[in-house]
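Written below as structure tokens is the structure these notes are about.
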Amino acid sequence: MQTTEKIIDEKRQGEALNITTEKKHNKKLFLESYGCQMNFSDSEIVASILDKEGYATTQNFEEADLILLNTCSIREKAEQTVRNRLSQFNQVKQKNPSLTIGVLGCMAERLKDKFLEEEHLVDLVVGPDAYRDLPNLLKQTDDGRSAVNVILSKDETYANLSPVRLGGNGVTAFVSITRGCDNMCTFCVVPFTRGRERSRDPHSILNECKELWENGYKEITLLGQNVDSYLWYGGGLKKDFKKATEMQKATAVDFAMLLDMVATAVPGMRIRFSTSNPQDMGRDVLHVMAKHENICKYIHLPVQSGNTEVLKRMNRQHTREEYIALIDDIKTILPTCALSHDMIAGFCDETEEEHQDTLSLMEYVKYDFGYMFAYSDRPGTPAHKKMDDNVPDDVKKRRLTEIINLQQKHSAERMNSYVGKVHEVLIEGNSKRDDQEWMGRNTQNAVVVFPKTGNEKVGDFVMVRVDSCTTATLLGEKV
Ligand code: SAH
Ligand code: F3S
């Protein structure tokens, strides 16, 4: 089974970040992240802000002066994990009353009153657009007051902040290009927790990419809730583009143009992006991908359901047929491109026939990977307000199992199709099972493991002939 979840990477949940710097630090920060790649990327911004305030990171929360949890609200389970963790930290605080505990990210807005006033679980609550305010807020908590800033911004993109790269391999890095989301999928909390959609200045994106290249990085992933919707016209919200001047409109940069610019600016760098949204993914993006060797042939294209009526209830702005047309074009323009999906089982009113449409869509596309979830009703979302979470839990679970089983079968088929071929692999580090073997990925994002020969190192691109595979890993030898 595909266990490496791209969107919510289960292996990274609760990872505490670790930075080493030469500057003088007298305070210790324990910062743990949950949720999507954007949260992990945001934690690097927070670490960079606190680095300037004299905080060094620690992997041991018992010795910390400040504990921060960067939280996720996407499903109920994610919130529960964070709550359990906060109770653990509060036991440490009983022994060390000067310890400050804070919550960052998506749970901030929704649970600030509960955490601060009702349950006294935290001293500090900071929303995803307010991290620059952390030094001020920490002055308040130092004075024994609680502090909160959950204001969402129209223009904050942290553009000029150089994130500290955390827990990384020095080879792959995230570069955020948009924040927030305007789509209002009815099941999703993101538009409420992360605010309206805004794009980051392309010059600051290009500078960050070049800097990463100069520092030895070999692969970047451009990040946003919906990267295809990227639009820079001098700043401001996506929804205000219609009010832009003629000049701003004429010189605006969209995602296809940005991708072209990045691929040209750092030609040796591998480029990935996530997440694509079928309603906004233009054919021009596919042509830019085809034009540049260094743009990886892999698209994460969440669909959520294979049935048009369900898509309508989810407020996804496309039909099953439109999605299939996009898939067909991807397969024509980019014949070697791998695809992955997000799927939700048991959304409100989902019938057995509608569920069958999801399975048949999967049969049609034959995705390489999938990230699959049972629908989880989230307070504050349009679905929570207007629809009935009426698919019984056992039915949701059974449908989810059917979806997962089918995906496993397709993953195995796709993996098998890579056997017998030579792949360019970027070495990311040792294989988990055997430090005599390397682990890397091919352009399609499949994990490749092969024996070390002594003539290659982390960050090298090597050619590997794949001889066999498991359901999630390709095995081969360097050629
Ligand atoms: N556009 C975002 C989506 C974030 S949420 C991105 O960057 O990928 C990631 C996935 O979680 C969604 O695609 C959806 O499949 C799943 N998800 C979101 N809300 C959910 C809910 N209420 N119940 C179950 N799954 C959900
Ligand atoms: Fe959520 Fe839909 Fe945006 S899934 S993040 S509202 S594209």
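Cβ coordinates are placed from backbone N, Cα and C, and glycine is handled just like the others.
Here is what TrEMBL says about this protein:
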DOMAIN    27-143  domain 'MTTase N-terminal'
BINDING   C36, C72, C106  [4Fe-4S] cluster 1 binding site
DOMAIN    167-413  domain 'Radical SAM core'
BINDING   C181, C185, C188  [4Fe-4S] cluster 2 binding site
DOMAIN    416-479  domain 'TRAM'
- prompt: Using a 10 Å radius around each Cβ and counting other Cβ atoms from all shown chains, which of the binding-site residues C72, C106, C181, C188 yields the largest count?
  reply: C106
Message: For the binding-site residues listed here (C36, C185), tell me which residue's CB has the most neighbouring CB atoms inside 10 Å.
response: C36
Task: Could you measure between C72 ([4Fe-4S] cluster 1 binding site) and C185 ([4Fe-4S] cluster 2 binding site) for me? Cα positions, answer in whole angstrom.
output: 17
Message: Restricting to the domain 'MTTase N-terminal' (27-143), what is the model's mean pLDDT?
response: 92
- prompt: Whole-number Å distance between the CA of C181 ([4Fe-4S] cluster 2 binding site) and the CA of C106 ([4Fe-4S] cluster 1 binding site)?
  reply: 13
Message: Quick test of your reading of the structure: among the binding-site residues C36, C72, C106, C181, C185, C188, whose CB sits under 6 A from ligand 2?
response: C181, C185, C188
Statement: What DSSP reports for the domain 'MTTase N-terminal' (27-143) is 62 helix, 25 strand, 30 coil
- prompt: Taking the Cα atoms as reference points, how far is C36 ([4Fe-4S] cluster 1 binding site) from C188 ([4Fe-4S] cluster 2 binding site) in Å?
  reply: 13
Field: Residues among the binding-site residues C72, C106, C185 that border ligand 1 - Cβ under 6 angstroms, in sequence order
entry: none
- prompt: Within the domain 'TRAM' (416-479), how many residues are helix, strand or coil going by DSSP?
  reply: 3 helix, 34 strand, 27 coil
